[in-house]
Amino acid sequence: MSIVALLIGLGPLIGWGFFPTVASKFGGKPVHQIIGATVGTLIFAIILAVVTSSGFPTGTNLLFALLSGAGWGFGQIITFKAFELIGSSRAMPVTTAFQLLGASLWGVFALGNWPGIGHKIIGFTALVVILIGARMTVWSERKEASNAKNLRRAVVLLLIGEFGYWLYSAAPQATSIDGLTAFLPQAMGMVIVAVIYGFMNMKSENPFRNKITWLQIISGFFFAFGALTYLISAQPNMNGLATGFILSQTSVVLATLTGIYFLKQHKTSKEMVITIIGLVLILVAASVTVFIK
C-alpha cells in the first residue's frame, strides 16, 4: 500500500468521522441539519461532476441512484433524531453496527457472500461480536430511568433508520454505473427527501429561513468528502474494496471520540474504557466480515 493510497483511504476517517460532530456542533433541529447537509453534499457533487466530466445516468440507473440518495436522507434524518436523545458519541457506534449488519445480511442472502457453512459460522459470529461491541459503547454506570428510556428510543429509531441506509448501499448494486457517476443523482435524491421533510415541518417554523440550516452546508462538505475518498480508495488500483471498506470504518472511532471531547458528551473513566473496547470489537469483527467473502 502506497502512502498516497493510505492517505486517500483515511479520507473517510476525516469526512465521516467529523460529519456527525460538526453537524451536532452547529446545532439546530434534525430538519435544519438534514437540509444543510444534503445541500452541501449536492454542491460538492455538482463541482465534482463538472471537474471530472462524469456522465449523468438515465433510465433505471438514474432511478436507482435517486432511490439510493433518498434512502440515505431518510436514514440520516432518523439518526439526527437519535442524536437528540443520546448524543452522537453514543448513536454513531450503534448505527454503524446496524449498517454493518444490514450490509452483511444483504450480501449473504441476496448476493451469495460467505459461501459454505464455515464462512457463515464465522460471519454470523462476527455479527454477534459487532452487536456486543455496540452495546458496550452505550453502557452507562448511571442507571437513571430517563437515560435507559432515551437509549431504548434511540436504538429503535436507529434500527428503523437502517432501512434507509440499506437502500443507500443496496440500490446502486442494481445499476451498471460506477460510484462517481452515481454520486450526483444520489445527492439529488438526498436533497429531495430533505426538502420534503422541510415542508413537513413548516407549521412549526420555516427551516429554509433559519441561518443554522445554511451553516449546516459545511457539515455536508464533510460527508461528501468522506464519500468521495471512499469511492476512490475502493478502486482496485488504490486500496481495493475490502481494505478501503475497513479503513472507512475507522470513522466511527473518530466520530465517537470527537463527540465525547468536542461536544462534552461526558463518559466516566470506566465507561470510556468499555467504549474503546467496544469500538475495537466493532472494527475487528467488521474486518472479518469483509475478508471471508
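Just so you know, glycine gets a Cβ as well, placed from its N, Cα and C.
The transmembrane segment annotation in Swiss-Prot covers 2-24, 34-56, 63-80, 95-117, 122-139, 154-171, 180-202, 212-234, 241-263, 273-292 and is backed by sequence analysis.
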Ranked first among 34-56, 63-80, 212-234, 241-263 for CB pairs under 8 angstroms with the transmembrane segment (180-202): 34-56
Range from 2-24, 63-80, 212-234, 273-292 with most C-beta pairs under 8 A to the transmembrane segment (122-139): 273-292
Proximity verdict for the transmembrane segment (63-80) and the transmembrane segment (241-263), three or more C-beta pairs under 8 Å: no
Two-stretch contact, the transmembrane segment (95-117) and the transmembrane segment (273-292), at least three Cβ pairs under 8 Å: yes
Intrachain neighbours beyond the transmembrane segment (212-234), with Cβ under 8 angstroms and 6 or more residues off its ends: 5, 8-19, 22-23, 26-28, 31-33, 35-45, 48, 179-180, 183, 187, 240-241, 243-245, 247-248, 251
Same-chain residue ranges lying at least 6 outside the transmembrane segment (2-24) that approach it to Cβ under 8 Å: 33, 37, 79-80, 83, 87-88, 91-92, 216, 218-219, 222-230, 232-233, 238-239, 243-244, 247-248, 250-255, 258-259, 262-263
Positions on the same chain near the transmembrane segment (273-292), where near means CB under 8 A and six or more residues out: 93, 96-97, 100, 104, 114, 119, 122-123, 126-127, 129-130, 132-137, 139, 242, 245-246, 249-250, 252-253, 256, 267
